Amino acid sequence: MKNTYRASNISGFNWWGTVIGFILSTSNRFYIGWFGIFMFPLTGLAIIAYVAAFILAPPVDIDGIREPVAGSLLYGNNIISGAVIPSSNAIGVHFYPEWESATLLEWLYNGGTYQFVVLHFIGGVSSWMGREWEFSFRLGMRPWIYLAFSAPLVAATAVFVFYPIGQGSFSDGMPLGVSGTFNFMLVFQAEHNILMHPFHILGVAGVFGGSLFSAMHGSLVTSSLLAETSGDVSLNVGYNFGQEDETYSISAAHGYFGRLIFQYASFNNSRSLHFFLAAWPVIGIWFTALGVSTMAFNLNGLNFNQSIIDSNGHLINSWADLVNRANLGIEVMHERNTHHYPLDLGL
């Protein structure tokens, strides 16, 4: 049953009651809600600032050594190489709004735009998740929609907020661009060896497994639609929006898949099936976010990066050794100054 908030519920019926009724009404074509009051301005400011910085921003002194890096289209980048450059290492993790700098140019030079975009974006996306919960609550629905959306939210928060805080500087955050994303991935691998971490492995299983399961489910449903029309008419014509009857035969899909693999590999309960489809990728991404958040503080005890030694103390070459050597190479190339050595090579 709809839990609709109407202006008539407010005594006196004044203009404020009309506004509240409009915000909380579930009859609107586009639901706003209390969280929407925060979501729209925060997300809008983040988008406007990102587009402006991607096109126009001057170079940013990301390393804090007076060697600014250009990321905008105006300074010669393209769609692939362009990015919003993270805040300067000289700023660290300090909150750096525009009024903390002497001039706007100084704020831009120190990468204040990055903090502006990231913090407004995280706030806007968090408000979106809260809006999902609020809308579900007012419609009398279960809260699983917002819970599923928490996976990409915690992943973004881990990369843009937790990791820079743990490393001591927003300059370690992920640049907001295509090539910047890959650069962040390579540096993260070099410094933390995330590919050999079990939480990352669970995340990969969640994402790729979720894609596989969704494709399997969609193909099984599409292949077992109940025909309500003649052979020369599309099956879609026989479907009426909101109909109570099922549109496909889950028993046929269950029987097909059970014989294709084995009986217990398929679901005979639609609710269990769809819960599994939602839970698998969400839990995997949760673990990835947890792995990034722990590595942010250099807590890496679960990593499988130890060399294999036999009983005589001789090294048995393994894939872990190859990855470790590759990590050292990436880390050396990442350091742009010869007087800055990677921690692993420092004596």
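From the backbone N, Cα and C atoms, a Cβ is placed for every residue, glycine too.
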Of the candidates H217, H314, the one that Swiss-Prot places in the quinone site of S266, F267 = H217
Remark   = Between the ranges 177-198, 199-220, Swiss-Prot assigns transmembrane segment to 199-220
Ask   = Pick from 56-71, 72-87, 120-135: which range does Swiss-Prot record as transmembrane segment?
value = 120-135
Key: Those recorded positions, out of Y163, D172, E191, H192, H200, that come within 10 angstroms of H274 (Fe cation binding site) at the Cα   = none
Message = Check for me, if you would, whether the transmembrane segment (199-220) reaches the transmembrane segment (276-290) - at least 3 Cβ pairs under 8 Å, residues 6 or more apart in sequence.
response = yes
Query = How big is the gap, in Å, between the Cα of H120 (chlorophyll a ChlzD1 binding site) and that of F267 (quinone binding site), rounded to a whole number?
reply = 42
Key: Under 8 Å by Cβ from H217 (quinone binding site), same chain, sequence gap 6 or more   = L273, L277
